[in-house]
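These come from Swiss-Prot:
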BINDING   H46, S63, Y141, V142, N143, S162, H255, P256, E257, T272  iminosuccinate binding site
BINDING   C110, C229, C319  [4Fe-4S] cluster binding site
Amino acid sequence: MSIFDVLTASAEMMPSHYKDMSTGEMEKRVAAIKRAFGKRLFIPGHHYQKDEVIQFADTAGDSLQLAQVAEKNKEAEYIVFCGVHFMAETADMLTDDNQTVILPDMRAGCSMADMADIQQTDKAWQELQELYGNTIIPLTYVNSTAEIKAFVGRHGGATVTSSNARSVLKWAFKQKERILFLPDQHLGRNTAYDLGIPLTEMAVWDPVQNRLLTDHPENIKVILWKGHCSVHEKFTAENISQLRQRDSGIRIIVHPECSREVVSLSDDSGSTKYIIDTIEQAEPGSKWAIGTEMNLVQRLIHSHPDKQIESLNPDMCPCLTMNRIDLPHLLWSLEQLEKGEPKGVIKVPEAVRTEALRALNRMLSHT
């Protein structure tokens, strides 16, 4: 489902009166429904969710953690996924047929995932096969549609997360000489660089021009799809320069969805879980600037008052589509379950699911 499809989805919209309810009343109702359903209901929440939502999550995590939890949970009849569309798709594919996955707001998409559609990817693969022959293995960030995961699974590849990208890339290079990395060029570039692959052996594939942007294709080992995260691309070298001038003692940690320039100028980089763990283990009184989604940064600020924490970009805003999952939508979704009329059910077609699972399972077996 593209971001346009998500934003214009014909799925039933939440009645407007939910927006008029007090926070206290909504929280009381959500808590009551959770108690009534017990283990029949499971609510996973991504770290980028608002506090008003994450307080009701049965588990909070990054994309890898939530994928693993979804796969292991066999008790819940309903999984109300507080994340974005591709995450709910992944949960549906990893859970059993008797489990129903629900997204509280079907408009909660991901612009990065939509930067690689299946038609463009098929065309790119044909061109790359003509150029390189059978020397390429595709990998896709889990921030991708089920169809892209299925494409990767069909061609012997695997999914990756920011937590395990390094280990999966190592595995992939044992399979083939070259990698096609979808859809986030920055995570692909940063991970490959950390493995010792020079930038001169990487090139961007432009899906609009349908060509590889290099004058020396024979040197290329990593083909990077021209996609990015609209949140993490807003962190810049200028942000870092201004911060260093203001406070030379501050440490900067960023997510690898940031550009290569930003990552190279930072003190550290890693997955959402890595960032959280690093801050938790940091010395009291230490100073940190964090380059990732604002809801998580604010949560870290509030939960670690003994440390000085700020956003690397003071003008950063939260992820727009992730924030479509709010307390009113969560309550509406749960009340529909209570009525026996679930809305926002996510169901990946079986043919797509079978091939996408190959890619997901290859990842999970190397994690």
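Here, residue 1 is simply the first one shown, and the rest follow in order.
Just so it is clear, glycine is given a Cβ too, placed from its N, Cα and C backbone atoms.
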Distance [Cα-Cα, Å, rounded] between H46 (iminosuccinate binding site) and C319 ([4Fe-4S] cluster binding site): 12
Counting across all protein chains shown, how many other Cβ atoms sit within 10 Å of the Cβ of C110 ([4Fe-4S] cluster binding site)? 24
Return one of helix, strand or coil for Y141 (iminosuccinate binding site), based on DSSP. strand
Just to confirm: which same-chain residues, 6+ apart in sequence, have a Cβ under 8 Å from the Cβ of C229 ([4Fe-4S] cluster binding site)? S111, M112, N143, D184, H186, E257
Three states by DSSP: which one describes C229 ([4Fe-4S] cluster binding site)? coil
Could you name the residues, excluding C110, C229, C319, of the same chain that surround the [4Fe-4S] cluster site, i.e. Cβ within 8 Å of the Cβ centre of those residues, in sequence order? V84, S111, M112, N143, S230, V231, H232, E293, T321, M322
Same-chain residues six or more away whose CB lies under 8 A from the CB of Y141 (iminosuccinate binding site)? M112, T159, V160, T161, S162, A165, F181, L182, P183, D184, L187, G188
Sorted by position, what residues of the same chain at least six away from C319 ([4Fe-4S] cluster binding site) have a C-beta under 8 A from it? Y48, V231, E293, N295
Check each residue in the chain of H255 (iminosuccinate binding site) that is at least six apart in sequence and keep those whose C-beta is under 8 Å from its C-beta; list them in sequence order. S162, H232, S269, G270, S271, T272, I275, G291, T292
A correct count of other C-beta atoms within 10 Å of the C-beta of E257 (iminosuccinate binding site) gives 29
